[in-house]
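Quick look at what TrEMBL lists:
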ACT_SITE  His295  active site, proton acceptor
BINDING   Tyr32, Tyr139, Arg174, His295, Arg298  glyoxylate binding site
BINDING   85-87, Ser114, Gln137, Thr165, Lys271, Ser293, 329-333, 352-353  FMN binding site
COMPBIAS  195-228  compositional bias 'Basic and acidic residues'
DOMAIN    6-403  domain 'FMN hydroxy acid dehydrogenase'
REGION    193-228  region 'Disordered'
Amino acid sequence: MSATHPHDLECLTIEQLEKIAADRMDKQTRDYYNEGADSGSTLAENRSAYQKYRIRPRVLRDVSKIDTSVDIFGFKNTIPMGVAPTAMQKLAHQDGELATARACREAGIVMGLSSFSTTSLEDVKGVLGAEQPGVLQLYLFEDREESRGLIARAKKAGFSAVALTVDTPMLGRRNLEMKNQFRLPRHLKSANFDRGGKEDGVVAEEKGDEASKRTRDRGDSRAGYHDGARWVSPTGRITFHSHGPNPTLNWERDIDWLKQQCHPEMEVWVKGIATGEDAILACHHGVDGIIVSNHGGRQLNGALATLDALPEVVDAVRSMNRKMPVHVDGGIRHGTDVFKALALGADFVWIGRPVLWGLAYKGQEGVRLCLKLLSDEFRLCMGLAGVTRVDEIGKEYLAKINRDGFVSKL
Ligand SMILES: Cc1cc2nc3c(=O)[nH]c(=O)nc-3n(C[C@H](O)[C@H](O)[C@H](O)COP(=O)(O)O)c2cc1C
Ligand SMILES: CCCCCCC(=O)C(=O)O
């Protein structure tokens, strides 16, 4: 990941990438990708939380050989960082998820794929190949058959895990998404659910089942956009607006069901844990891993920044004496952020928007650049902090800046 490249001089930080990408996206896409829910305070705090910590570097420790790699799903990932699942990547670039998969493969980095990708899970896994792990992000639909089919396909394609998103019982209030009446353009499709022709998107509503009745009662439709009060334009297609949110999800029924569908071939992770209490429940219900996430600030505005939620989740999992991995996402824009998250107890981090900005910038090449910037920065941070292996990173490397400006060791 350290070879220099001509494009590197054009864009040397993720902040620069964000700015360049903003100019390359149409307004609908830029707003959809970049906004958070409501006032966007959680979106902003996901980033600013990292400023509350400073690194305590150690010196005179031979750092001539640094190993940034970690093991994940039996794969030697080049850095403790993966690409978070984000929907509809062809909005950013015509090659969409395939470009991301190619860049992940090139960089030796695990890829998360959204259920609502614009490329099918089979095609993405085809690019990743047998070695490179893929994680399918799952929205568990009220129509179980649809989800059962998707899980079976992921298993067959060789995904290592599913990550059930649990912070979307309802869709967060995204003002620009509403204002723009955001929807997938006609030339793109939710590729995992598109069957083509007449059968395309035939869903339970047309079969008149109970789940659909509940969906109608909630005021949702089966496709389209939100007009501020309800979902509009019932076409019968499966869209993220119509099928993503599922208010019926619960620990008892759904996690056990999911484990039955996935194990032993695929692990079951939950994405969207933000409290110690839920981390303990995740342990009790035998999930294989947790991702501390607030959906990039797109769901519950006013929720804790993920870095602030991380310590209580880590403590809770440790209190259970279970070796369950704890990952975190949200607001990670620097290699030093990766280091800080690990020092606070995360085993691994995931990045969302920066990858989309890379895609918008230059497709595969832009994602490659994004991953390289963060990887190079992380390696440098390790060296300058006096660490040569990822498992050496602990809270002794951090100090916290309190509100009053005082610095305290952790
Ligand atoms: C445009 C966009 C689409 C997303 N789509 C999904 C999705 O389909 N499923 C999901 O679980 N999370 C989704 N996320 C959330 C990401 O997986 C991740 O939690 C978040 O982006 C991390 O924060 P960051 O963007 O600050 O890195 C999406 C995020 C964005 C910005
Ligand atoms: C919460 C319903 C599904 C949304 C799918 C895309 C997504 O996660 C996003 O944040 O946007």
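Glycine is treated like the rest: Cβ placed from N, Cα and C.
Counting every protein chain shown, 21 other Cβ atoms lie within 10 Å of the Cβ of Tyr139 (glyoxylate binding site). Recorded residues Ala87 (FMN binding site) and Arg174 (glyoxylate binding site) have their alpha carbons 15 Å apart, per Cα-Cα distance. Mean predicted confidence for the domain 'FMN hydroxy acid dehydrogenase' (6-403): the pLDDT average there is 90. For Ala87 (FMN binding site), other Cβ atoms within 10 Å of its Cβ number 21.
Less than 6 Å separates the Cβ from ligand 1 in the case of Pro85, Ala87, Gly331, drawn from the binding-site residues Pro85, Ala87, Tyr139, Gly331, Arg333 in sequence order.
A strand conformation is recorded for Lys271 (FMN binding site) in the three-state DSSP classification. Cβ neighbour count for Pro85 (FMN binding site) (all protein chains, 10 Å cutoff from its Cβ): 25.
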